[in-house]
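One structure below.
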Amino acid sequence: MTDTPPVYSGSRRILSGIQASGALHLGNYLGALKRFTQLQDAGAPCFLFVADLHAITVWQEPEKLAAQTREIAAAYLASGLDPARSVIFPQSAVRAHAELAWVFNCVARLGWLDRMTQFKEKSGKHKERASVGLYTYPVLQAADILVYKATEVPTGEDQKQHLELTRDIAQKFNNDFGVPGFFPIPDPVIQGPAPRVMSLRDGQAKMSKSDPSDLSRINLTDDADTIAAKVRKAKTDPEPLPETMEELEGRSEAKNLVTLYAALSDQTKEAVLAEFAGQGFGAFKPKLAEVAVAAMAPVTAEMRRLMADPAEIDRVLADGAERASAVADPVVDEVKRIVGFWRA
Ligand code: ATP
Ligand code: MG
């Protein structure tokens, strides 16, 4: 194993989410889903939500959003999360997230948000046309985490800056209101063999659900032929694979494919290079497609099976929302008391 989860003890609580913004991809699987299951199986209490409030920071078709939410829930279950042990729920079904986010909007500083690189990337050249929600997204994310007083947040590398903001918000709330320790300062858990999977079309951009090019990513629902075709078309360079990882510096597309092979076959990158050094991508790509299909086929099959039974998914989500609210609502009640809001 290249990817040993930490051993958990004491009063820990794990929180993470995935946006209901489209098809899940290999980056979500390796950077998030697989890690959640490892944490759950190591005995950590996990709260995992489908981020539908986050999803609408960019346009989502209303008639598709609920189906997208169920699809993420199906991926949670298919990748090994057990609703008896982990709490799986839609973010919008627990009102406390949005309520705490408002208070945090008044704690976070504009200067902090101005530094967020993901907003700059996602808003592109026309920042004035982006939704206000896209700008304050990291504040809602802080509420998602702190409303459960979560101690650890497993995510991909792209969320690092947002998690630092969450820590700053927790600290400032505790200081401003004179309640030291009220919110824990949560630790980012950015680990695993592939915390930043890159696009198959551009080695400088991360693989994303919202990338307009479907060729940029391998979706969890792609069949074997589609995966093989996408890997074949993946951007590379004409050089053969080298013997060491150092020699892959500056070859971002090649490095990404080696990282993927290693993560999918549970080997180190060095072991992969030992096997393929001197060979070109013509030989390497079909093997990569094979390991991708082998690793993902069971998850994909289980996702399809689950999606054929939306009533079962809905039962899991409704039960999860109830259990999540039972933890989050008292925290928001306490925040309201701390802030000094009126109550009878
Ligand atoms: P979007 O493009 O809509 O933002 P996304 O692909 O970035 O979608 P999210 O729902 O924003 O997916 O992220 C869900 C989880 O997957 C987060 O923990 C995030 O860090 C992780 N993740 C997203 N993309 C990658 C990637 N390319 N490599 C590793 N982890 C990733
Ligand atoms: Mg994202």
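Glycine too: its Cβ is placed from the backbone N, Cα and C atoms.
Just one of V147, V197 is listed by TrEMBL for the same ATP site as Q19, A20, S21, G27, N28, G156, E157, D158, K206, M207, S208, K209, S210, and that one is V197. In the three-state DSSP scheme, E157 (ATP binding site) is classed as helix. According to its DSSP assignment, Q19 (ATP binding site) is in a strand.
Q19 (ATP binding site) sits 12 Å from D144 (L-tryptophan binding site), taking the CA atoms of both as reference points. D144 (L-tryptophan binding site) and N28 (ATP binding site) are 19 Å apart (CA-CA, integer value). In the motif ''KMSKS' region' (206-210), the DSSP tally of helix, strand and coil residues is 0 helix, 1 strand, 4 coil.
DSSP assigns N28 (ATP binding site) to a helix in the three-state reduction.
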